[in-house]
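J.: Shown below is the structure under consideration.
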Amino acid sequence: MEHNKVDTKLQESSYDDQQKWVLDSSLDSRGGVPVRARTGAWRAALFVIANEFSERLSYFGIVTSLVVYLTTILHQDLKMAVRNANYWSGVTTLMPLLGGFVADAYLGRYATVLLATIIYLMGLILLTLSWFIPGLKACNQEICVEPRKAHEIAFFIAIYLISIGTGGHKPSLESFGADQFEDGHPEERKMKMSYFNWWSTGLCAGVLTAVTVIVYIEDRIGWGVAGIILTVVMATSLLIFLMGRPFYRYRAPTGSPLTPMLQVFVAAISKRHLPCPNDSSLLHELSREEYTKGRFLSSTNNLKFLDKAAIIENRGSENGMAEKKSPWKLATVTKVEELKLLINMIPIWFFTLAFGICATQGTTFFIKQAIIMDRHIGHNFIVPPSSMFALVALSMIIFLTFYEKLLVPILRRVTGNERGISILKRIGTGMVFSLITMIIAALIERKRLDYTKQHHMAMSVIWLAPQFIVIGIADALTLVGLQEYFYDQVPDSMRSLGIAFYLSVIGAASFVNNFLITVTDRLAEEISGKSLFGKDLNSSRLDRFYWTLAALTAVNMCFFVIVAKKYTYKSVQSSLAVADGGDDVEAASVGNTSKYT
C-alpha cells in the first residue's frame, strides 16, 4: 500500500514537470530549460510565420516576374529565359542543403536565419541600386534595345545573393518554427500537425501579396520602386524576428549529422560475417541515463544488414567494453534506425521529382502564356501576367483552410489517424492533381493556338485560370505534405536538412525540367523537323510538352504508389530528456512506442 502511494507521487511529480517544463532538450534564450507557459507554441511560431510571409513576398516578387524581366529588360529569347529562370530556381532550392547542414551541425537554426537574412538583404539592396545608380542602370532610355553589361552582371549577382540567403533562411526558419512545439506533449504535438498547414497559409499570403501588389508596381510604376519596397519589408521582418527572441525555444547544434551515419556503415561492414539476431533486445542501445538528448527509435525489420552494426561481439569481455567505447565499431539501435530513415527517403524523394517538374511550370511557361493573352479586365485595367500566379496562392489558402478546419476532423474520425490521412497518401493525392493540371494545360494551349490562328487575336487570359487553380490544390497537398514528411521522418538532429531535402525536390526538378526541354525539343526536330520551342509561344508547340509531362507524371505515380506501400514510418519510443537547468527539474520518461504516420 505504501509502495503504491510512492509510485503515485512519482507519477504526479513527473506529470507536473512535463506540464511546467519543456523536456525535449530545448533551451530558452538564457540557456536554461524552457518554461512551457512562457515559451514556444503559437506565441513563438507567429513571429516565425510573419518572417516567412516577408521572405516569400520578396522571393515571389522576383521569381514570378523573372521570365518577364529576362525577356523584356535583358532581351533574352523564350528558351534562354526559361532556362535561366530554371537554373536560378534550381540553385535557390538546392542551396538549402548546404544551409540546413550548417544550421544543424554548427550555427544552430536561429543564428543561421539571422545570417541568411543579412545576405538576403544585401542581394535586395544591390538589385534596387542597379535601377538607381547611373552606371548600373539597364540603359538611359525608357526602352532598352540592348542592356548594359554592368546592369546584367549586377542583376545576376543580386539574385544569386538572394539564392544564398534563401539557402540558409528557408530550411532553418521552417524547422525553427516547428521546434517551438514539443513532440512528447499531446497538445503541442497536435499543434505541430496544424503548424505546417498554417505556415503554408502565411507563405501563400506573402505569395499573393507579391503577385498582386508587387508585380503591379513592377509592371506599372517601376522595378526600382518595387525593389525599395521589398528591401524595407525584409528589413522590417528581421526586426520582428528579433523581437520574438525571449519567447523562442532553441536547439543547440550537435555537430555533423553525417558522421554517425558513416559510423553505422563502417560498423555494419566490419561485422558483415555475423548472423543478425531475431531478437532486437540483443542489439546495443544506450540506457536512458546515458542517452540525454533526442529520442530512442525502435528497431524495424527493413534493411536488416545495417542491424549488424549494433551487434556486440564480445559481450562482457574486455574487448566488448573497448568496442562499446568506439562508435566506429559498435552503433546503437537508434543510430542504425536513423540511417535506415535516410535510405528509405531516397526513393520517396526521387519519385516526387515529377511533381516538382509540374510545379515549376507555374512560374515559367504558365506566366509566359499569360504575357501573350488578352489580359484586359474592363476597358482600362490590364492584369500583369505574373499576377495570374495569385490564383495559385488563393487556391492554396482556401483549400488549406478547408482541409485543416473541415477535412482533417472528419478524416480523423473515419481513419483513426491523428493526421487524417497518412503523409504519403496526402503527397500522392496531390500528384493526382498535378497530372490533372498538365492535362488541362495541354488542352487549353491547343485551344489557344487554334483560336489565335483562326481569329488572328489573343484569347482571354481567363482560360488559364483552371490550370493555376488546380496546381494550387496540388501544391497544398503535396508541397505541404513533403514539408511535414521531410521534417518528421528525418533524425531529430537533421531537421533543418530535412526541410532542405523537401526544397531540393523543386530545385532538382528545375534542372530536370531544363533537360526535358532540351531532349523533347531535339526529338521533335528529328521526328517532324520542327522545334517545340520557337522564338515565341505562337510558333511553339507547348501543348505537346505538357502532354509529355502528363505522361511522365502518370508513369511516375505508379512507382510512387509501390514505394509508398512498402514504406516504414519512423517508430519512436517516447523519451523526455532535459538539458542542465538546475536541481529543481527532473527528466520524465515513458516507455510507450508511437509511430509517426
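Cβ atoms here come from the backbone N, Cα and C positions, even for glycine.
Feature table excerpt (TrEMBL):
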{"type": "TRANSMEM", "residues": "87-107", "note": "transmembrane segment"}
{"type": "TRANSMEM", "residues": "113-133", "note": "transmembrane segment"}
{"type": "TRANSMEM", "residues": "195-217", "note": "transmembrane segment"}
{"type": "TRANSMEM", "residues": "223-242", "note": "transmembrane segment"}
{"type": "TRANSMEM", "residues": "341-362", "note": "transmembrane segment"}
{"type": "TRANSMEM", "residues": "382-403", "note": "transmembrane segment"}
{"type": "TRANSMEM", "residues": "423-444", "note": "transmembrane segment"}
{"type": "TRANSMEM", "residues": "464-487", "note": "transmembrane segment"}
{"type": "TRANSMEM", "residues": "499-517", "note": "transmembrane segment"}
{"type": "TRANSMEM", "residues": "545-564", "note": "transmembrane segment"}
J.: Taking pairs 6 or more apart in sequence, does the count of Cβ pairs under 8 Å between the transmembrane segment (223-242) and the transmembrane segment (423-444) hit 3 or more?
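T.: By the criterion, they do not touch.
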J.: Can you tell me which of 113-133, 195-217, 341-362, 382-403, 499-517 gets the most C-beta pairs within less than 8 Å of the transmembrane segment (87-107)?
T.: 499-517
J.: Taking the transmembrane segment (423-444) as reference, which of 113-133, 195-217, 341-362, 499-517 has the most Cβ pairs under 8 angstroms?
T.: 341-362
J.: Using a Cβ cut-off of under 8 Å, list the residues of the same chain at least 6 residues beyond the transmembrane segment (195-217) that approach it.
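T.: Counting only partners 6 or more residues beyond its ends, the transmembrane segment (195-217) has Cβ contacts under 8 Å with 45, 49-50, 52-61, 64-65, 174, 177-178, 181, 225-226, 229-230, 384, 386-390, 392-394, 396-397, 400-401, 403-404, 476, 479-480, 483-484, 487.
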J.: Grab the same-chain neighbours of the transmembrane segment (341-362) for me: Cβ-Cβ under 8 Å, and only residues 6 or more beyond its ends, written as numbers and ranges.
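T.: Apart from its flanks, the transmembrane segment (341-362) reaches 86, 89, 261, 302-303, 389, 392, 424, 427, 430-431, 434-435, 437-438, 441, 468, 471, 474-475, 478-479, 482, 485-486, 489-491, 501, 504-506, 508-510, 512-513, 516, 546, 549, 552-553, 556-557, 559-560, 563-564, 567-568, 570.
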